[in-house]
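According to Swiss-Prot, the protein carries these features:
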type	residues	note
TOPO_DOM	1-301	topological domain 'Lumenal'
CARBOHYD	N36	N-linked glycosylation site
CARBOHYD	N56	N-linked glycosylation site
CARBOHYD	N112	N-linked glycosylation site
CARBOHYD	N206	N-linked glycosylation site
TRANSMEM	302-324	transmembrane segment
TOPO_DOM	325-332	topological domain 'Cytoplasmic'
Amino acid sequence: MDLQRTNQDTGTTTLFKVVISNTVNYLPKGVWILRNNTIDSLSIAKQFREIKNNINISHLSRENYWVETPFGKVFHSEVVSEEFMQIFIDKGNKALNNEEMIFACMSEKGWNVSLETVPNLDIPVGSYETQLGLPVGLHPKLHVHLKNLHKPEDECSLQGFMYIPPTLFIDRYELSNIAEMHADNLGHVLGIWGETDLEAPSYKLNGTGSFFWFDIYTDDGLLQKDYIDTIIPLHTRYQSPLKGQTYLKTSLTNPKFFWNCDTEDKVNDFRFLFSSKNKYTLQNDPTTLSISIPIADLSYKHVVEWVTNGVAIFSFFYLLLYLWKRFRYAKD
């Protein structure tokens, strides 16, 4: 589907996509909605309610659960209910398999729904593997091994897009410095949107997470080697204490890597990720990585309070005693 033509013909104000497979798309698996900044979230939620009652996409109608980008506001949910998908499958009048995705446009005239199939490419464009560097610790490093790389067209650039869950964050300043030096083969940082506060704990945020879009540095020498390795540094956020637990497991979905061969618009527009053009997507297993984040155990809350207060009181009287002795010796 030609994205620009669709917008022009139907007056579309909202783009909507459900990705059920992590192997054939620019976007990771989940519900993705992109809307114009002039539309409010309540209007979007109303449109979904009119399709069928009791559609439960958490936080859809709340403005602070939409991530603002220069190209519009984005809603993302990793959870896709079967009921939610079935509505749009019915509107597309076709069964959906694992190599397809739902693509829908909402305009004043209603919904225009289609089911997209990404064709098998005659040109092998590459694949990739990911793993977390050991030890994982509080500052995990995502190691990416891109291999069997073949640039489909001369003007194509190798790009990656990933969703960062609210339990983790990336440091835009750290990444900018890495990209400036082309360290770890990281090229330009095309965009970081969402919850990017470097100090805020998870319980102080809305829980939308963040999106990271970036270039991989390539040259003829690297492509001749047939593989490129890169490292994406991540950081864990402070979590709320839980009773009986000392670790909180969080999931990190694999990033998506693809060749961006869109020469019509040199501006890296988020809407490109919703289009069906140039599906030169690198293949990988749709695995999810697990990270264990240390947290405080509420079972020991009272013990910690008593010990902390005891140390503070002891330190206070120790300092008083020390000062009194100094004063006494000075007087003598």
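Cβ atoms here come from the backbone N, Cα and C positions, even for glycine.
When the alpha carbons of N36 (N-linked glycosylation site) and N206 (N-linked glycosylation site) are compared, the span between them is 21 angstrom.
Counting residues 6+ beyond its ends, the topological domain 'Cytoplasmic' (325-332) has no Cβ neighbours under 8 Å in the same chain. Residue counts for the topological domain 'Cytoplasmic' (325-332) under DSSP (helix as H, G, I; strand as E, B; rest coil) come to 7 helix, 0 strand, 1 coil. N36 (N-linked glycosylation site): 12 other CB atoms within 10 A of its CB, across all protein chains. For the topological domain 'Lumenal' (1-301), the predicted model reports an average pLDDT of 79. Long-range C-beta contacts of N206 (N-linked glycosylation site), restricted to its own chain and to partners at least six residues apart, with a cutoff below 8 Å, comprise H59, N64, Y65, P166, E195.
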